[in-house]
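K.L.:
Copying in the features that TrEMBL gives for the protein in this structure:
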type	residues	note
DOMAIN	48-476	domain 'Major facilitator superfamily (MFS) profile'
TRANSMEM	87-107	transmembrane segment
TRANSMEM	114-134	transmembrane segment
TRANSMEM	140-162	transmembrane segment
TRANSMEM	174-195	transmembrane segment
TRANSMEM	207-230	transmembrane segment
TRANSMEM	280-299	transmembrane segment
TRANSMEM	311-334	transmembrane segment
TRANSMEM	346-363	transmembrane segment
TRANSMEM	369-390	transmembrane segment
Amino acid sequence: MSSPLDDAKEDKSVIQLENSEVPQTELESLTWCPQAERNLVRKIDLHLLPMLFLIYIFNYLDRTNIGNARIAGMADDLQLDGARYNWALSIFFFGYLILQGPSNLILAHTKPSLYLPTIMISWAAISACTAAVQSYKGLLVVRFFLGVVEAGFFPGAIFLLSSWYTRKELAKRVCVLYTGSIVSGAFGGLFAYGITNNPADARGIAAWRWLFLIEGVSTIAVAVMAMVILPDFPITTSWLSAEERNIADARLARDGHERGRKKAFSLHGLKLALKDWRTYLFILRTYLSTCAGTFTYFIPTLVADLGYTSAVAQAMSSPPYVWAGIFVMTNGFLCDWDQQRAWHSAVPITIAGIGFILLTKVTNDAVKYFALFLCGAGVWAPVPILLSWLSDTMRFPPEKRAFAIGFVNTLSNLSSVYGSQLYPTSDGPQYWQGHAANAAFCFGGSEYAFSRPMSQADGSAAIVILLAQVALKKWPAPSIGEDEETTTADEMKEPA
């Protein structure tokens with residue numbers, strides 16, 4: 001029985017994304033000292049990671065700043081009452097799902113140093129246009145197209161990283177990239193505080209409109225920098241010496257990356273990814289984590305419901321993100337150290353499940369704020385581990401890896417369409433049903449990460465669902481006005 005690598009080698013139309021010029025025999029005979037490789041990896045880190053990290057900060061900032069704008073006056077100006085805000089979130093993911101898979105196939109035939117900054121300029125311009133929106137319908141249109149153009153960056157960045165690093169180096173680098181989204185949440189809240197804390201709207205423009213405008217223009221400036229700094233693939237990178245390019249080429253070849261000349265476009269890798277059952281197992285695992293992660297769009301609202309004013313809530317939403325960034329990075333480094341991906345994806349999401357249970361049952365504001373730290377760190381940490389695991393599993397051919405990353409990220413983000421509907425305004429301030437659903441997703445995700453065979457995973461998932469149903473019957477959601485410990489908005493006071 002032939003292996004996927006053998007099949008790839010026999011197929012004459014396979015795309016070689018690394019585009020190596022060095023014969024395989026020369027790669028196998030090439031030797032270098034460990035210090036030379038360490039210096040090379042350090043050089044790659046300094047050129048690649050900071051730029052991708054910065055881009056992802058602005059990618060997530062332009063996506064999630066709607067949460068900060070909501071409590072800064074956007075909800076009143078655009079009449080985002082009831083489920084309207086939730087649909088403004090959901091429609092983003094309809095656009096986001098359209099382009100992820102195709103975008104990575106396009107990236108395979110272009111230069112990342114041009115392609116990624118180009119889509120960055122596109123989403124920055126659309127995000128800035130949100131400042132001119134005058135109606136709910138206009139907001140829906142802008143959010144949809146924002147999702148379309150943002151879709152290509154994250155799976156493209158994962159693919160680019162997997163084209164530079166070996167499997168033992170990849171997890172912590174993906175975690176560094178993913179931490180960019182968390183840092184954007186931390187600084188996004190502080191940035192929003194600095195803009196929206198001005199009592200008088202500058203030049204007659206509402207503060208929340210300035211938020212979109214300033215962040216959009218800043219993103220364009222970063223995109224221009226990226227065109228100069230961001231590299232393409234190892235063998236075509238000018239800031240590596242000839243010896244360094246050969247070492248980079250050889251170590252990837254020995255790690256299982258397919259080598260060869262770049263050839264005509266082919267759907268062979270796409271077909272291999274769709275036929276591989278592991279693709280769908282990764283989709284399910286990532287789906288559960290991503291769905292629970294949509295609660296982050298509501299962190300400013302959840303903090304505001306603790307009794308803080310709008311401006312203070314913007315600042316108080318930052319500490320959970322800071323802690324989550326530290327947790328995600330630590331988890332990624334430990335994963336690369338012991339290579340136990342199942343544990344490092346299951347334990348964090350279990351912690352998040354505990355946090356959601358606390359949010360479901362506890363009414364003490366201090367405990368609820370502490371639970372946000374558990375939830376944020378727990379739902380973010382598994383995703384980069386799962387995606388680096390996917391990149392390692394789908395190493396060859398490269399086109400299969402490119403499509404699989406985009407395909408898994410696309411279908412897992414379907415959960416965000418549903419997840420953004422879990423926190424309707426009518427359920428506040430306890431949001432019992434949303435927290436309970438996310439707790440079930442978290443415990444289901446942890447079980448799937450521990451499970452190996454598909455049959456065991458399906459059987460155990462049924463047990464998790466049954467336990468969730470029993471819990472829902474035992475602790476039903478309190479009716480409106482039934483919870484005596486919940487204070488009204490008029491009774492809430494700003495903490496000293």
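Quick reminder: no glycine exception, Cβ is built from N, Cα and C everywhere.
TrEMBL labels come from automatic prediction, so no person has curated them.
Quick caveat, the model's predicted, so the values are computed rather than measured.
Give me the lay of the land around each of these features.
P.N.:
Away from its own ends, the transmembrane segment (207-230) comes close to residues 47-48, 51-52, 54-55, 58, 61-62, 65, 68-69, 72-74, 77, 112-114, 116-118, 120-121, 123-125, 127-132, 191-192, 195-196, 198, 201 of its chain (Cβ-Cβ under 8 Å, at least six residues beyond either end).
The list of residues near the transmembrane segment (280-299) in space but at least 6 beyond its ends in sequence, with Cβ under 8 angstroms from a Cβ of it, reads 64, 66-67, 89, 185, 317, 320-321, 345, 349, 352, 356, 372, 375-376, 379-380, 382-383, 386-387, 389-390, 393, 404, 407-409, 411-416, 418-420, 422-423, 431, 434-435, 438, 441-442, 444-445, 448-449, 454, 457.
Nonlocal intrachain contacts for the transmembrane segment (346-363), taken as residues 6+ away from its ends with a CB within less than 8 angstroms of a stretch CB, comprise 288-289, 292, 295, 327, 331, 370-382, 430-432, 435-436, 438-439, 442-443, 445-447, 449-450, 475, 483, 485-486.
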K.L.:
Is the number of Cβ-Cβ pairs under 8 Å between the transmembrane segment (174-195) and the transmembrane segment (369-390) three or more, considering only pairs separated by 6 or more positions?
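P.N.:
The transmembrane segment (369-390) and the transmembrane segment (174-195): touching, yes.
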K.L.:
Of the listed stretches 87-107, 114-134, 140-162, 311-334, which one has the most C-beta pairs under 8 A with the transmembrane segment (369-390)?
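P.N.:
The listed stretch sharing the most Cβ pairs with the transmembrane segment (369-390) is 311-334.
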K.L.:
Within the same chain, where does the transmembrane segment (140-162) have neighbours whose Cβ lies under 8 angstroms from its own Cβ atoms, ignoring anything closer than 6 residues to its ends? I mean 6 or more beyond.
P.N.:
48, 52, 55-56, 59, 62-63, 66, 87-89, 91-100, 103-104, 106-107, 112, 115-116, 119-120, 122-123, 126-127, 129-130, 133, 170, 173-174, 177, 387-388, 391, 401-402, 405-406, 409-410
